[in-house]
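Data first, discussion second: the structure below is written as C-alpha cells.
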Amino acid sequence: MKAKLYLADDTVLSGKAFGAQGETVGDLIFYTGMTGYQEMLTNPANSGKILTFTYPLIGNYGLSREDSEALTPWVQGIIVREYADYASNWRAVSDLDMFMKKHGIIGISDIDTRMLTRILRRRGRMKAVLTTYDKTDAELKERLHADPEPADLVARVSTRHVQRIPGTRIGRGSGKRVVIIDYGCKMSIMQALIDRGVDLVIVPYDTPASEILDLGPDGVLLSNGPGDPKHLLSTSVPVVQQLLGTVPLFGIGLGHQVFALASGADTIRMTSDHRGSQPVKDLLSGRSLITSQNHEYTVEPSSLARSGLIVTHLNQHDQSIEGLMHPKHSAFSVQFYPEASPGSEDCVYLFDRFLSMIEKYQERPMGKRVNAERQRAAASGDGDGKHTILEGAGA
C-alpha cells in the first residue's frame, strides 16, 4: 500500500505504508539517534508529532516491555528509510508494524529521511499531513490548513490523579519524598529517583502550590513534556513562582523552561530543534557532556538579566542555554534528559546533585520545619487511602 507525506512548504513525498491505515496531521520533527526508537515513540514530549528517523533501518530489535517511557505511544506517525518487518531480540514482545497497528500509528517508509531532515533544519518548524488514502495534493493542503494548532498538549499527557510510587528503600534518597509535577514525565526519570530510594508523588500539571506543599515534599521535580511553555503561563508558571524559595526545585526539559518563565526569563522557538545527542559544557565542573535532547524551545539569553538566573550549562554547538540555577533559592534546571534513555549516562549525577540540594535545605530552619510537619502528618495517618498506589514506574 502507498502512503503520502505533504509538508506545509508544499513538498510532497511518496512511499510505502506500514502500521495503521488512515490520515494524521502533526508537527514534523526528526531524531538522529541510532537506537531508542521505542523510547521516542512513547515519550509524552512527542505528543502531536510526526517523527522522522535519520538512521536508515528502524525496527530491527522490536519493542520490549522494559523500554517504554509511557504506557502508550504518543506520536502521530513515523517516517523511516526502511523498517524491519522481523524483530531479532530476545526481549522483543512485538515487532514495529504490529505495535503501530495496535496503537493506530501511521508509518511511511522508502523516504530519504536525511534529505527531509535537511529541509527541516533549513526551514524550521513545519506541519505535515501523513496519509494512506488516495488524495490529491490540493485535498491534503486543505486538510493541513484546516487542522488547528494544539494548545493543550500538556493537559493531554499529564496524569489526572495523584499517584504514589514507593522508592527502593536503599540509596541516599531513602525516606525522601519528591513531588513530580507531571507535564508529561518519562518513566525513566521516575525510575532514576526510585532507584535512589526516593518516594514519588506524581500530581497533575495544574495542581495548586498549596496542595503540593500539603503533600510534605522534600523536593519538587518539574518534569519534561510537550509543546510551548508559554501555554502554561496561566497554570503552571504561577505555581512554580509560589514554590520558589519554599522547597528545592529541579526542572527537566519543559520543566526547565517553566522554571525560567517563573523566574522572569523568556523562552523562544528555536530555528533548528535539538533532537538526539548534543555536546554540552557543565560550567560548574568544567566537564564536557554528551546529552540526550528533544526540544524545540529554548531560554532567551538576553532575558536572563531581569531573572537573576545563572547559566550552568551551554550547548557546545550553538551556545544555547542548557542549564540554569537560582542564586538565592534551592532550584536548578537542565534542558536535556539527565537519565538519557536512550543515550549516554554522562548526566545522571544531576539526580545526586538534586538530592544533595535537598539534604542541605533540610539543615535550614525552613527545611527542619517541613520535616517536622510531615512527620506529624505521617504519625496521624493523614492522607492514607486518598491516592493511587503504584508498585513501580511501569505500573
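Using N, Cα and C of the backbone, Cβ positions are placed for all residues, glycine too.
These come from TrEMBL:
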type	residues	note
REGION	1-176	region 'CPSase'
DOMAIN	1-131	domain 'Carbamoyl-phosphate synthase small subunit N-terminal'
ACT_SITE	Glu339	active site
REGION	367-395	region 'Disordered'
COMPBIAS	367-376	compositional bias 'Basic and acidic residues'
How do the residues of the domain 'Carbamoyl-phosphate synthase small subunit N-terminal' (1-131) split into helix, strand and coil according to DSSP? 28 helix, 48 strand, 55 coil
Just how many other Cβ atoms lie inside 10 Å of the Cβ on Glu339 (active site)? 22
For Glu339 (active site), which DSSP three-state class applies? coil
